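> If you scroll down you'll find the structure; I have some questions about it.
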């Protein structure tokens, strides 16, 4: 539909609403019945609200047409042409700065107004004005706000209800079909009682279907098919880490219903009796008393919730033998919990007078009316409304008392298809480790996504995935409702656990899909004709199983068979147009079974006359070379190495983890492939101690032969001399030569930046007997950090001790090796603000990192002792920034920036420590997807399960500056889920007197869109260094430590540990005995770990 047709359609909708209002007004004048008048008044109110919404859409369409014809400005489309027309419906899930055309909107990422102060030359200068225009903050509403009767956000509500009602309608139709089968079954059996009961449920199901159709028609009539190109999808629909089922106590009080369409009754009878049924996950939990006045005096229910997602309220009228449903409401329990979290934060910040950045910019008053209104106070006309409940909660909700006892959500909610219901409700989550809400900063451990067991099937790497949304199986087409299923780690193919063994279609994200034998494919090769369509109902992707986003931006439909999918999934859907996936898989299974049956005799006879290689025999030179240097796949899915016909799954797994090909490796891969079976490969793997292709690290290449390669200084030149500004393609090939080298090489050879003409002196092999342990400084997931001194020189070191058993059990071998390589990068230039490594060694049970000892403690300890001033926070931020800049210039993202990991030296400067979550080979444009980090510092793109790049470090840098300036976190909650909700939904608040430069840098670093975030461009740290917050910083003086530090930590002696947590320092510094014995293959995993730095 083009622009003119859309405008005409909206005009017709407006005229229809006006006609309905006119008819309603005439009816009101012609009746004296108060109930009819009340219902007509509600219709008129709704009609006026609809007209305001449609007129706003009309203005938006007209403005777009003017822009298209060259008569408007592209930036004007975000402003309402007529501000008096009421609130502008926001774009769905519109984030701060999403798609703005202002300072960060252009593709070049340039900052046109020039720099100020001491800025690095050649940087893209930031706007020196402290409150230069930034991308607009999004309207702050929750999903619960959208289902409230008086919501201002009609546009997002229409989108939400269209998808929700379509899904509810499809489920109800399935339920009705099942009931009809039961009716026929009981009729055949002659069971009259059961048949009558089933017949009653069938009638009720029919009535609910009519209600749902009526509600759906209402929203479809209001929907305007406008799709903004920069409107983000609702990622919460396809994010497995969000919206988990909750357990706790739900408190619900039902006060009244209003404006509902009551069931018809006879002329002389009394009105129908009305009651409400409450269901939790389709199970009836409560029922109100019947009333004829639409109000209830004391209907309060306390319901224990056990891992549930949704509650359903159904209003019934009983005028005859059977009750008739007249209105329905669905509320997600997670939305209730999220609303209560926001109310607690509002109460705290309203009392303190803090405001969001946009209110500070426009001189607004303290408080958050956008969310305070959304939280809901008692409706003025609410009967018996507990008006004191919200104020009581606002006063006490942040005092650490259980939230469910004080804070209540009190509001009118919209019933479907018509009417409203007045509810007061709260939800107290059951938490294992509840965090006090009213205290400042505290230590938090990092989290890392555990590696799931992989089930290989036809090239797919299926892992068990718990889904918290309604999913659809790609094989059988049935729903997975809040259940665990199987999902391919590569192509995201999703199906039931019971269905994944039946999957015969191959993972076509693999490059070898087109080279597979024809007999393993089906001859039904009719490609789908996918075209974009406007998705205004509940449709699921036929490949990944997620609900398609609303609108036309990311939805495709086959014009022939009607199959729907995401735009990015179209190339993964097999060419089975006109055939269901289940039928296609049955045909393929039959073909393969027939083929295997025909080959059984020939295979048996072939094996009888064949000499098999013993499992322990070393492989030939071709195989050993190929295994010694596994190559990472190029991003393109084409041009993969030849596969081994007898080990399709092994080949597919190998292809997915192999690094970029070098010329020699490419030549190796052109050799004829071996035909050894996968069993022989596995046997050789065990015998030689080599990891399987799946376990082969992407950055660590390890030869299988024991002889060590010779040191070649030329191999290090590309990495040592690579200019910082070289393009990503050049960096990608030059960088691995510096530190992605075989692990068996002597440790001193891996320090690649020493001049080759300086001869390497032989070093004493360092071991456990060289040290005395003095104290425990900290503990982590797999071990502890201990203070130790050398027996000979009495020099102090911090030694990180990790148990090999835990490393292997948690599949962290490669992570440990990567941590060592990042230490090498830090050692390369002895960076002043990075912790240096002196040595590594190992025993039979543990590995040890010998690091420099920083006796001043970490910044978390010091900020708990007292708030940092602006100058002190700015000083530490500048030094941390240079550390991040160095990491990024060397292709490393840090991913765990926090106060706990920033150590303070005795001379007052910082050292960034703990490289356990660092990721290598992350140059500009490179992305990864591991879910890891410390909850309060994790960027939104990590939480949304998106691929992310080095911009996540700049988000964490913004959280760090916020904590140093304000001594609290911008995103808080009582558990990790609440913190994640805050990161995705809340706007950080600031004291009204906070300097504008400080607010500006935080606002730009804490931008949810990574491509718009300060520091996300190709010049990386230069963008942040150019900001006005660092106007007075001389970066050369900071790097060379010529700036006097603002604070010097004090110790009484070199071994004084008073700057470390007493919880750890009070523990006796001993290594606990390890009873388990590691096999030779396990020990082989740590070959080449030992290392001694040249400056040690």
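From the backbone N, Cα and C atoms, a Cβ is placed for every residue, glycine too.
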> What range among 361-409, 410-458, 459-507, 655-703 does Swiss-Prot record as zinc finger?
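Range annotated as zinc finger by Swiss-Prot: 459-507.
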> Of the residue ranges 268-311, 312-355, 356-399, which one carries the region 'Disordered' annotation in Swiss-Prot?
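Spelled out, Swiss-Prot records region 'Disordered' over residues 356-399, not the other listed ranges.
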> If you look at how Swiss-Prot annotates this chain, which of 532-554, 555-577, 716-738, 739-761 comes out as region 'Disordered'?
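It is 739-761 that Swiss-Prot describes as region 'Disordered'.
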> Among 170-220, 527-577, 782-832, indicate the range for which Swiss-Prot gives the feature zinc finger.
527-577
> Name the residue among the binding-site residues 777, 785 whose Cβ has the smallest number of other Cβ atoms within 10 Å.
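Candidates: the binding-site residues 777, 785. Fewest Cβ atoms within 10 Å: 785.
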> Tally every other Cβ atom lying within 10 Å of the Cβ atom of residue 783 (ATP binding site).
21
> When the zinc finger (527-577) is classified with DSSP, how many of its residues are helical, how many are strand and how many are coil?
6 helix, 15 strand, 30 coil
> Excluding near sequence neighbours, so keeping only residues 6 or more apart in the same chain, what lies with its CB under 8 A of residue 779 (ATP binding site)?
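Set apart from residue 779 (ATP binding site) by at least 6 residues yet with Cβ under 8 Å, we have 785, 1064.
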